[in-house]
Amino acid sequence: MAEVRKQSVLSGCWPCEILCHPFRWRFSVSLPSLQDSNAGVFYVSVVEGLALLDLGVSPYSGAIFHETPLIIYLFHFLIEYAEFVFMITDVLTAVALYLAIQDFNKVVFKKQKFLIELDKYAPDVAELIQTPMEMHYIPLKVALFYLLNPYTVMSCVAKSTCAINNTVIAFFILATIKGSAFLSAVFLALATYQSLYPLTLFAPALLYLLQRQFIPIKLKSKSFWLYTMQYTALYLCSLVVVICLSFFLLNSWDFIPSVYGFILSVPDLTPNIGLFWYFFAEMFEHFSLFFICVFQINVFFYTIPLAIKLKEHPVFFMFVQIAIISIFKSYPTVGDIALYMAFLPVWSHLYRFLRNIFILSCVLVVCSLLFPVLWHLWIYAGSANSNFYYAITLTFNIGQILLISDYFYAFLRREYYLTHGLHLTRQDGTEAMLVLK
């Protein structure tokens, strides 16, 4: 049965993306606003970088190419098969997510069984316990949620290199859930090398691996610090190796300011679905450095408090952190959104606790439809301006923030009910209401 489901995942992707291939040019023209208006992840910049490389000129000598050296050398050999590269990466991402969630469900089921045997759950929460039947099709749903997501299809059709980043992150998640510290550190180093922000996934990966090794998460524990240092060393050594390999390929360090400086300093203010471009386009130059620091800190700021609150639930922590990256990174794409949305079926048991899921879903759908409309009115018809487009961008990102907040609240609420019971009462016997503070 597992093999049949894997084959169905593979067969479900190809028709969808191959059928969209003839419309690639049309997508690139009509939906630049929704996809990759920024130079950091657009395949056109890779082609231009390759042209410069073939002429013996450094691809980082201008302000066009901002991808990593490994990407340009990958496409140097696969430029004739670029469309298949992006389709294959999406399939690999789906397969990696399928296998990762399959293993994660086994761990969740064993943990539930263990806690039930120890009477850690309240007696009236049987309806909150996940059953094997409910968990059986979750891996398949995750894979299909990724493959059939319109955001994934648009990203593939537009040939966004974000698909490669998603594949690396998916294999990092798979290696982490499998318990392989070495492969987890290697893939995390590759993800960090590609787009910098996956650095924040170090904390949930470490917490999960510590749990797999039954090492207590206590600051006074020697085993905790020993394992942390080992994983950190593996991660840093992998990152140094990849960066040195990039230097030997180009015989230059020019890629560091062109790739990572570009991500951090946000010089390209081309409109996209992110929060940075409009804000810094309207700002006085002497204030920009301070606010760039404030905006960039957003991605990293939530890692420590989330690590403290969710130290017993590192996979949910990882999901939240991936969502935060996709919202607050300097050059987001719809491919980033597709990755964290693929995890929504994993938390299907939280639906009864979600408060605004219908309204937020409508907001995201309507904003997605309005992006190309307002882009056309602004750029082509001239009957609108950047304020209209940024208003939709702001609404779209607020919708994502509220969606993740809703899932976070629902997760904490369910965990509280599991230990305290569904029917809460005050000391005087009256019914109590759970309030998140």
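Cβ from N, Cα, C; glycine included.
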Pick from 195-211, 314-330, 331-347: which range has transmembrane segment per TrEMBL?
-> 195-211
Do at least three C-beta pairs under 8 angstroms join the transmembrane segment (287-308) to the transmembrane segment (70-101), pairs 6 or more apart in sequence?
-> no
Counting Cβ pairs under 8 Å to the transmembrane segment (259-280), which of 168-189, 195-211, 232-253, 387-409 comes out on top?
-> 387-409
Stretch of maximal Cβ-Cβ contact with the transmembrane segment (70-101) [cut-off: under 8 Å; candidates 195-211, 232-253, 387-409] = 232-253
